[in-house]
Amino acid sequence: MQTPAPLCESSDCNNRGLCIGDKNSFVCACQLGYSGTRLTGTLCDNTDCNSQGICIGTKEAFLCVCNLGYLGERCESRIGIDLQPATANALCELKDCNNNGICVGTKNNPVCLCNLGYTGLRCEIGKATWLSFTTINYQL
């Protein structure tokens, strides 16, 4: 009878997630903010896009999806400068969604697309992001 491989540990995931499997074959369930097979990448956040867009990727390599009214590699340029001031200022911003999501629309009629872990009309409700697992011990 072959001895089963020892179970993997949190250290196999750089202590940034839950290890599922054994030392020969495992998967890391990442904590919020980490990515990669061994959880070595740190996810970017909206401040990497000047808080005017949503960031996709890691701190090392990311893409900004800019809010309505902004453009640029890091959403650094505001468009619509030639618009009337009342119209230009009417575009909603991340702060209209409590900086927990991307805002689409105007200040008078904002629509918030909430980041993972947040909900509510203005992304004002935070949720726990950890999954719970039950340990099962087998007798051989």
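Cβ from N, Cα, C; glycine included.
A quick note: this is a predicted structure, and the numbers were derived from the prediction, not measured.
The disulfide bond recorded by TrEMBL for Cys75 reaches one of Cys66, Cys92; that cysteine is Cys66.
Looking up Cys114 in TrEMBL gives a disulphide bond whose other cysteine, out of Cys103, Cys123, is Cys123.
Residues in the domain 'EGF-like' (88-124) partition by DSSP class (helix H, G, I; strand E, B; coil) as 5 helix, 14 strand, 18 coil. Cys75 (disulfide bond) has a Cβ environment of 23 other Cβ atoms inside 10 Å. Classification of Cys75 (disulfide bond) by DSSP places it in coil, neither helical nor stranded.
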